[in-house]
Structures are given as structure tokens and as C-alpha cells.
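Below you'll find the structure, written out as C-alpha cells, and then a few comments.
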Amino acid sequence: MTSGLLTPIKVTKKRLLSCAAALAFSAAVPVAFAQEDTGTAITSSDNGGHPGDWLSYGRSYSEQRYSPLDQINTENVGKLKLAWHYDLDTNRGQEGTPLIVNGVMYATTNWSKMKALDAATGKLLWSYDPKVPGNIADRGCCDTVSRGAAYWNGKVYFGTFDGRLIALDAKTGKLVWSVYTIPKEAQLGHQRSYTVDGAPRIAKGKVLIGNGGAEFGARGFVSAFDAETGKLDWRFFTVPNPENKPDGAASDDILMSKAYPTWGKNGAWKQQGGGGTVWDSLVYDPVTDLVYLGVGNGSPWNYKFRSEGKGDNLFLGSIVAINPDTGKYVWHFQETPMDEWDYTSVQQIMTLDMPVNGEMRHVIVHAPKNGFFYIIDAKTGKFITGKPYTYENWANGLDPVTGRPNYVPDALWTLTGKPWLGIPGELGGHNFAAMAYSPKTKLVYIPAQQIPLLYDGQKGGFKAYHDAWNLGLDMNKIGLFDDNDPEHVAAKKDFLKVLKGWTVAWDPEKMAPAFTINHKGPWNGGLLATAGNVIFQGLANGEFHAYDATNGNDLYSFPAQSAIIAPPVTYTANGKQYVAVEVGWGGIYPFLYGGVARTSGWTVNHSRVIAFSLDGKDSLPPKNELGFTPVKPVPTYDEARQKDGYFMYQTFCSACHGDNAISGGVLPDLRWSGAPRGRESFYKLVGRGALTAYGMDRFDTSMTPEQIEDIRNFIVKRANESYDDEVKARENSTGVPNDQFLNVPQSTADVPTADHP
């Protein structure tokens, strides 16, 4: 289905029959779809139109995630009950925003699957599996997630992790067209490690889709396809062609004239692609008739390796506005020039109307990874103001005229050549979890967090590895040492002391927090605001909450059995208001940070969609709380080999199976797996890809058999030195690990402020 590149697959009767196993089936949708133009309907959503639907990723083009529904409100939300649940077929991370159109819910799930459900009952109407190959999993940094779909005139559109964009008939689930979005002929870097996990957006009949991959090696771009035919309309690259040549794209003129001079004439960007992937936020604004792109980090992260430590590297860490008809550049605002911290600008872009110096302005409000809350003019891109929404130690504020950061000298770690502990770290003060805005309270609700990172350069200069992250960082220092060395124990305590998660209700007029809601740890779900003066949010500890939007008081809590990182939606079906959310623990925090992620709350995945109403009568089945249980490891390993294996593990394995071989609860904990117990069994798994179909790719082209054996010895060593602690943590009446990370208690300190961590 990926052949033909930009030529959409032509759907014939024969092709449909031959693909029957992968196509959707079952009964017709029991509702009538509206005949109104979808663009008009989405536009009206900001003005009270279609209150019972959720037609676009952020509900409306403004992406405020605000619903005018108020059947559920502060007076009765405490009476919410589970109305229905639908168990998913993949117990991995779920980040999707379901769409609801005339009583039908369209939910994208892990491995890029699409489910159409009756929004009133949760009954499956049809299902579509694009059959993403398992070996594609290691091309992505952060789980095989999908953040959502788009709806347009009777069709639903979604991206697949292997780079396709698919259009389905919304009523039947049958394939209309499919196109591969990654052009073979383009200069995209040597790695070409592209994935699609973001939700497409539709602007004036064009389906917009970006991609990810900068951790491995990629050159960012956004493509626009005709919603009816799947034909490519235009493409915009976000960083220059390495030879400063035209790509035959809408971005040619601006990249060659303005962006290319901001990059070093040499550097790893010319081989790695430079980065700048648009993996999440794409927004069409009908008020300005512009499309806003949130542009990501550099590839590699290391600024000195990437660009010789020269130039601002446009358009990394920027919001770029382009013409939706032509894809041509209109303006840009760079939030993080010279990015060397993975401070992406792909976080949710939101538009709203608000007073600025006594005048109503149409603005973009943005809370990217770097910790600053920005307000910029939506028409011109002119900086209006910016303040930290959390503690940050990389900049001494922003220039009041230009918005350029005033760098802390030590934060420029690639130029000083010295390690630097950054707050925020690479996961940002705010990541993909969606924020929301209420026009009633005039507050923006941000799922904020604080996860530091020690930045230090790759030893011996930049070296790229196939099938691995290529950041230009010392991967041995990206996590926490896990032993009884007093210095390492002290370092863990210091780390956990500043590890936090909270929701900040930000007043964009005062540029200050109105209130905050403390959570157990970071990596919590997105927000929903409603006219009932309620905000809804799922948490990493497995709870689903409703808070008073005016003061943050906790009004309702439901044990969802698994962590929630997705944002909720609300809608009506048969005249009744529901609130729904996807459940499932995943993403890069539990993948890479492993055991540290346990401090947000122990959770075992039971991935599903859950929906609430005031008269719900459903209940969840019993849950498995134990997760991966310790198994007595083989007692012997080679000390010299395990030392070499530590570097190889951190380079090739930690991004999925956790720092220092401690799983964060999504993928198998290799310490307790049977594979490392023998050399041959481990090589079959890692070298020959015995579990490729399940997402564990083969690495015999990336590592030698001896290097794979080194990794096995390291895992056995880690199993032996952590087994007793893991068993001890489960010595209680439930058998569930207690609230500790290797006997280092989590801090209960207050959330950080702008001037204190």
C-alpha cells in the first residue's frame, strides 16, 4: 500500500476484495451524516454551532478544546458514572483525541488502528487495521501512538506510523484512498527515519500531515493532499536543502534566501537532515486564512555538531505561518534559536481573541517545551509578550521587543563543552498533552511538568548509528545510575526532588498563574474545558478527574485502572452529554525513563476508551495490578562485557526498555524476560528479530553478535543487582510495588514557580 509514492492507491472492487482482511466491516452507521460543508461546521463550532459534536482535533479551528455543553457542571459532576467502556486490542500508549460526528465516535489507537463506535453505547460499528509492519516501531522515538484523525465531508483521515495517509468512508470504514507521504526523491538525510503519529488537519479541502523522526535523522516537512483524491497539492520543508538547492516545493524561495544562511556551512545537519519535524501541531485559522506549523528540534540535538555552533538554524523551534492555498511562507516566529535542548515548538498552537493594551487582538497563545508562555499576533507573527509558565534555568527572560531569549551562558552546553543540568529537560515544561481554554474563566489550562536532564556531548565527536537515536549526547549520562554508590544515591534524591507534575491555570491577560493543581508526578493527560465550569483531566496514576475551572477544587475522581495521557472530549448522543477519554500508559517518559516513571504512580496497561454520563450504569472488569514480576535471574555474567554492554544498551535499547534496563511498565522488563538467560535465545530475539511482528525489530545490521552478547551480560548484571529491591518493594498485601523507586522516596515538594524549582 506504500507503492506509487505520491500517486494515491486507486480503489477497485478487486483491490477491496484482496484487502478484505485489513479493511473495515460490519453494520451500517445508525445515524445520518450532516450534509453541511465540514469547514463551515468546524468554523461555527467556535460560535456555538454543533455543540454536541467534536469535529476536529481541538474541536474547532481555534483548538481551544472548549465545549459549550453544560448538562454536566460543577453542581452535578460529582454524580458522574461510567456509561460504557470499549477494550482496545493493544495494551500500549493511547494518545488519541476521538472525533464525534452525529453520534459516531472515531477513535485512532496504537499501531494506527481506527475504531468507529456508537457514541451512546460504545458498540463497535466498524474497525480498520492498516497493518503497520512491526519492524517500523524502532523508527519512532516515543511509542507507536496515534494522536487522532480528521473528518471532512463524509470521510475520516488518519496517518499511519509507517508514513501513510489514509482516507476512509466514514459510514462503512472502507478505503477511499491511501498515499505514502515520504518522498523518495527528496533530500531527507541519510537515516530517513520517518513516522507519522500526529493528527492530520484539514484546511479548505486539503489534508495536512507532518511527521517525526529527528531523534534518528530526518528533515522536516508538511504535505497537503487533496481531501477528495489524495493528490499532492503542495509541500513545505522546514529546514533548508543541504546543498541550498530547490526541492520543487512551496518552501524553496524562503529556505534558500532566509533559512540557509542561518545554518553552518558544514556540520552533521547535512548528513542527518537537520530536523525540524512537525510531529504534532498543525492549525488552520479561518480568521487570518493562514496555516500555522509548530516546528520541532534539530537533528542531531547537539548544536555544535549539527551546525558548527553557528546560526539560529531556521526554522527549528519556530511557529511558521503559510498560505493554505499555495503552501507559501508568510511569517515565522522562532521561540528557541540555536536549539540544543530539544525544545520543540510542536506543542499545541491555540488562537483566541483577547485584550492587549486595551485593544482586542486575535492572537496565538503557545506553551512550548522551553517553559515560556508566548502571545503573538496571529496575522503578523509579531511578538507581544512572553513569561515563564514554570521554572526554567536556560534563559534570563525574553527580549521585550523581539521575544528572543536572553541565554544563561552555562546553558549553551555545546559551546562551553561542559555538562549542564537543564530544567526543563528534553521532555519540556509542556509536551504533547493538550491544553484547554475557557472563554468563561478566560484561563488557559496547561498540563505542566518538570523533568530535568543532564546534557553532555557525545565523546569523540558525532557518530551516527543505524536503528538508534543520534542526538550527539553522551547516552551514558542521559539517565540515572542505579547502584548503591553514595554519590549516585544522592543524585537520585536530587533528581526526584525536582521531578513534578501539575496543572497550571494561566491567566493570559495577567501573564501569571491563577491557581495550580498538584499531581503525583509528571506525564499527565491533556485537558478539556466546558461551559459547565468544569475541566477534565486524566492522570499518570490512573485516575480521571473533574476540577472546578474557577479554582481547581477536585470535584470528581474515577479509578481508570491505567494511566491516562490522552485528552478528554465531550459530546451529546440522544440528547445526553458524555465525557470520554482514551486510556493507556505510554510515550517516551515510561519508555526511556523507565523506573523513574513509576513515581507518577504504579500502573499496568488496560488500554480502552471510557465514557461517562450522569446516569451511567457500567463498571470496569477486575484489573491486573501486578505487571512485570521479578524472576530470579541467572547468577553469572562477564564483568568486562557488561561494562561495554551498558553503552550499547543505552544507545540501542534504553529508548524503549528504559534507562538502566528498568521498564516503565509499557514494554517488557528485560531483567525478568526469559531471553537474556541464554546467549542463543537472546541473539534470536535481538539479532534475528524473532518478535519483529510484535514491534521488536532485528539489530544484526546495527550490532555485531559480540555487541549483542555484551548487552545480554549487562541486563543479567542489572537483574542480579536489582532483584532483591524489586522483591522487597512487593512485600505487602497487594503484591503491587510500593511507592518508591529503588528505595528513594519521591519528593512531595510544592510545584515550581518561575523563580524556584
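Easy rule for this one: first residue shown is 1, then count along the chain.
In case you wondered, yes, glycine gets a Cβ from its N, Cα and C as well.
Going by Swiss-Prot, these are the annotated features:
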type	residues	note
ACT_SITE	Asp342	active site, proton acceptor
BINDING	Glu95, Arg147, Thr277, Lys369, Ile588	pyrroloquinoline quinone binding site
BINDING	Glu215, Asn297, Asp342	Ca(2+) binding site
BINDING	Cys653, Cys656, His657, Met696	heme c binding site
COMPBIAS	732-750	compositional bias 'Polar residues'
DISULFID	Cys141-Cys142	disulfide bond
REGION	726-757	region 'Disordered'
SIGNAL	1-34	signal peptide
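Sequence features annotated in Swiss-Prot and their locations in the structure.
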| residue | record | DSSP class |
| --- | --- | --- |
| Glu95 | pyrroloquinoline quinone binding site | coil |
| Cys141 | disulfide bond | coil |
| Arg147 | pyrroloquinoline quinone binding site | coil |
| Glu215 | Ca(2+) binding site | coil |
| Asn297 | Ca(2+) binding site | coil |
| Asp342 | active site, proton acceptor | coil |
| Lys369 | pyrroloquinoline quinone binding site | coil |
| Ile588 | pyrroloquinoline quinone binding site | helix |
| Met696 | heme c binding site | coil |
Shortest C-alpha distance to Cys142 (disulfide bond) - which of the binding-site residues Glu95, Ile588, Met696:
Ile588
Can you give the largest Cα to Cα distance in Å, as a whole number, for the residues Cys653, Cys656, His657, Met696 that bind heme c in the record?
11
List, in sequence order, the residues of the same chain other than Glu215, Asn297, Asp342 whose Cβ lies within 8 Å of the centroid of the Cβ atoms of the recorded Ca(2+) site.
Cys141, Ala214, Gly275, Gly296, Gly298, Ser299, Trp301, Thr344, Glu426, Leu471
How big is the Cα-to-Cα gap, in Å, between Cys141 (disulfide bond) and His657 (heme c binding site)?
12
Remaining residues near the recorded heme c site, that is with C-beta within 8 Å of the centroid of the site residues Cys653, Cys656, His657, Met696:
Phe652, Ser654, Ala655, Leu667, Leu670
If you skip the near sequence neighbours and keep only those at least six away, which residues in the chain come within under 8 angstroms of the residue listed as 'active site, proton acceptor', Cβ to Cβ?
Asn297, Trp301, Lys369, Glu426, Gly428
Far apart in sequence but close in space: which same-chain residues, 6 or more away, have a Cβ under 8 Å from Glu215 (Ca(2+) binding site)?
Cys141, Ser193, Ser299, Trp469, Asn470, Leu471, Ala655
Going by DSSP, is Cys656 (heme c binding site) part of a helix, a strand, or coil?
helix
Looking at the binding-site residues Cys653, Cys656, Met696, which ones sit with their CA no more than 10 Å from the CA of Ile588 (pyrroloquinoline quinone binding site)?
Cys656
In Å, rounded, how far does the Cα of Cys653 (heme c binding site) sit from the Cα of Thr277 (pyrroloquinoline quinone binding site)?
23
